[in-house]
Amino acid sequence: MDSNKRIHLIVDMAKLMIAILVSCGLVTAIVLGTSSEPMNAFFSFFIGPFTSFRRIGNIVEAASPLMFTALAVILIFGAGQFSMIAEGAFFIGTLGAMMVATSVPLPTGIHSAVALLVAAAMGATVALIPALLKMKWQVSEVVTSLMLNYIVQFFSIYMVSYYFREVSSSSLASIAFLDTSLLPVIIGGTRIHAGIILAVILCLLIYFLLFRTTFGMKLRIVGNNPKFANYSGIKVTGIMVASQVIAGALAGMGGGAELLGMYTRFKWTSSPGYGWTGIAVALLARNNPLLVPLAALFMGYLNVGANIMARNSDVSSEVVKIIQGVMILMIAAEALLKKWKQRMIVEAAKAETGMKGDVVND
Amino acid sequence: MEEKKEVLRMENIVKVYSNGVMANKGINFSVLAGEIHALSGENGAGKSTLMKIIFGEEQPTSGDIYVNGEKTIISSPQLAISLGIGMVHQHFMLVPSLTVAENVILGVEPRKGLLINRKKAHRQVEEMADKFNMQVSPRARIEDLTVGQKQKVEILKALFRGAKILILDEPTAVLTPQETTELFEELKRLKSNGYTIIFISHKLNEVKELCDRISIIRQGRSMGLYDMKDVTEQDISNLMVGRDVILNIEKKPPEIGDPTIRVKDLNISGENGKTFVNNVSFLLREGEILGIAGVEGNGQSELAESLTGLRKYNSGSIEMCGKEISGCNIKDIRALSVSHIPEDRMTTGVAPALSITENTLSDKISQEKFSKLGIIDKGKIKQYGLEMAKDYQVLCKNPDVRIDSLSGGNIQKAVLARELSSDPKVIIANQPTRGVDVGATEFIRKRLIKMRDNKKSVLLISSDLNEVLGLSDSIIVMHDGQIVAYFPDAGKISELELGKYMLGIEKQSESEIKEACHGQ
């Protein structure tokens, strides 16, 4: 490995450690400041997730939907677009899967597959809207996708309430999914379902797509410098649109997998927000699909820990949102450790040029 | 000459940028109160750097600045403004959605309590515009104004902040002739009101018409300070473009073949109606390097963009290797074996965060050689990257490093590698050696000559006279969007002669210019 890559890696790792340490420090401060039984809260948060096989399973379960949305975010951001549609695509995916799961009788296996494909198609369709609006009329995809997320959320809930509702239930719930549609549990004693396998396969596939295919290379060129892409003869808008459609399909499929793997009815009254957390996971994974499972597991661990803490002590689970926020800030902060990094680069450059002392350091 | 007070003096200004470029090499500069002072020099001579130093945008590496006789360190534009120095940038710094008055008062608003006193603002701006006869309505929105009017707003903005010394950076570059005339009248009026104006330009007729004195710089050094009445345009031209060293470029006599680019009556204009290229016709043939000389901003860049599909043209025709390209996209044109070395490598020539290998493959990754069914052959591209780095002497540890970790010269060699390795018939090289060190320059020039010796066509656009003269077999000179001269044998002209045409002092006859079409 050459020295520049090594320096980047060292700095990235150091940043990650700082981010985690600061977050932990922050949790400590909050717990100490608000809890009457801080030791209990600490234990629940940090150690709690590892205290039973079932809880470890919970971490993996929590990671599963995040992997889908993080992959979607990586594709969209990788093409230099800032569509936030992963959130909406995920939720419309749950709707699509729910419709197939409740109303289209099919044999086991095929039923889940069709449900997931419909979920993906609906996610792709939703993601296409901001992409097309930008292509045709230069409407900012940030704004349209954010607005669209609300439309999607309320539309989905409307569909459940008016067309698929279980009338005998007092709270909002859809009619039960047909058994043939459910994703099988793959590890007994947990709820870890086949969706996680799908997610890991997709991580590998997306890595392959980005770094081993011509489409991926074009996508990375467009994301890095659209002007250069255009000059090279690459169809820039086509790549931008395609990246968002694929991302929408991934997130939508994630929605489907989450629904069919974890539930037997659609019960959400608002979106669980996995699209947003997906951004944090993508950032944590340095936009590398191969690191997505790790980052998602870490985020899952935080969520599970926060839930256990909320159950066992007097600290509420919202703490985890603070941690996520702080971590995103610290990882995204370009200037953090910049001086240190610059100094290492300058020193490396000096060492290579045989130390002439003429390296300009700005 | 009567005694006038010196308002600004710069002594021995040296500026080294952090990338090692020495833009100013000990420049002396002095401006008297109430004069219009021209600052002239070629592109890259160091004019802009010097002005940025005066306006506090850059700090000199060494040297002293005296404002009104007092030694001053101008640490920021705010300080420059408070010292009475105002700058009108070439690219306007205005808020398009605000009105003229709002832009002018921005940051120095007249107040009424906590609120902006709009009435007073409008009145003040109106009075000021009237005083200098600049016709802009304070209530108009910037986005609705013409370029000329926007410039007036920029000038008003500087005056409103109390500027006594006004720096105008190539103000006429964006103006129509009528707007230019208007601007000159305003500037003369300002002068008679006691303002001092520094006018940066390399358009000699304008400088001659407007200015009292002229400072000329060349390659970062002062070439002297003259009273306008003591020098002719010819003298100025010689001082600006004359060179001490001419790099010797060896080449065989050309073996000219069939035409590859045929441009006929080409017209290109921008969105605001400004004409970039005006009725240009020429022919480029196999085995020929055709140089396009000209001061930057005279239509060469737009011509190159149209030839490569980056810009639509309005009328006329461009035929590339026998095909009219008006309906072609960039990919189609590249498929006709046309290569393009772009003017600005960092904005259009590379994807900075990607590797050297990926950058040399951006145009040909879909070729069967490198990918099958959309899947990249890793081994092949790795080998290709290594070959490119070796063949084109790209200095790097390995071709997988990010391209922006290289020096300018090596990045340019990687660009060259991409463009020449696609086996082009036509190479459009726009400023191929700009900002590139001597070694890389020589390498790039040799490669271009080698292409030409292999019966390829090269269209060389360069504002470096030495390069145009040394490399080209024949030369077209462009001025103000038109071809003003054609020289079938580049060996028979001197820099000074070329300079006269470039600066618009002379123009060949129609029939001489028509020679560029070789009777077709």
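Each residue's number is its place along the chain shown, starting with 1.
Heads up, the Cβ atoms here are built off N, Cα and C, so glycines get one too.
Just so you know, TrEMBL annotations are computer predictions that nobody has curated.
Positions annotated as transmembrane segment by TrEMBL: A:16-36 (among others).
According to TrEMBL, the transmembrane segment annotation covers A:56-77 (among others).
The annotation transmembrane segment is assigned in TrEMBL to A:84-104 (among others).
Taken from TrEMBL, the feature transmembrane segment covers A:110-133 (among others).
Annotated transmembrane segment per TrEMBL: A:145-164 (among others), in sequence order.
Beyond the transmembrane segment (A:194-211), the same-chain residues lying 6 or more positions past its ends with a Cβ under 8 Å from any Cβ of the stretch are 60-61, 63-65, 67-68, 71, 74-75, 78, 112, 116, 183-184, 186, 217, 219-220, 246, 250, 253-254, 257-258, 260-261, 288-290, 292-293, 296. According to TrEMBL, the transmembrane segment annotation covers A:194-211 (among others).
Per TrEMBL, the feature transmembrane segment maps to A:231-253 (among others). Counting residues 6+ beyond its ends, the transmembrane segment (A:231-253) has Cβ neighbours under 8 Å at 68-69, 71-73, 75-76, 78-81, 83, 85-87, 89-90, 92-93, 96, 116-117, 119-128, 130-132, 134-135, 141, 198, 202, 206, 209, 215, 218-219, 221-222, 275, 278 in the same chain.
Beyond the ends of the transmembrane segment (A:274-299), by six or more residues, the same chain brings 12, 16, 59-60, 62-74, 77-78, 84-91, 149, 199-200, 203-204, 206-207, 210, 251, 254-255, 258, 324, 327-328, 331-332 to within a C-beta distance below 8 angstroms of the stretch. Residues or ranges marked as transmembrane segment in TrEMBL: A:274-299 (among others).
Long-range neighbours of the transmembrane segment (A:319-337) within the same chain, counting only residues 6 or more positions beyond its ends whose Cβ lies under 8 Å from a Cβ of the stretch, are 11, 14-16, 18-20, 22-23, 26-27, 30-31, 45, 277, 279-280, 283-284, 299, 302-303, 305-306, 309. Look at TrEMBL and you will find A:319-337 (among others) tagged as transmembrane segment.
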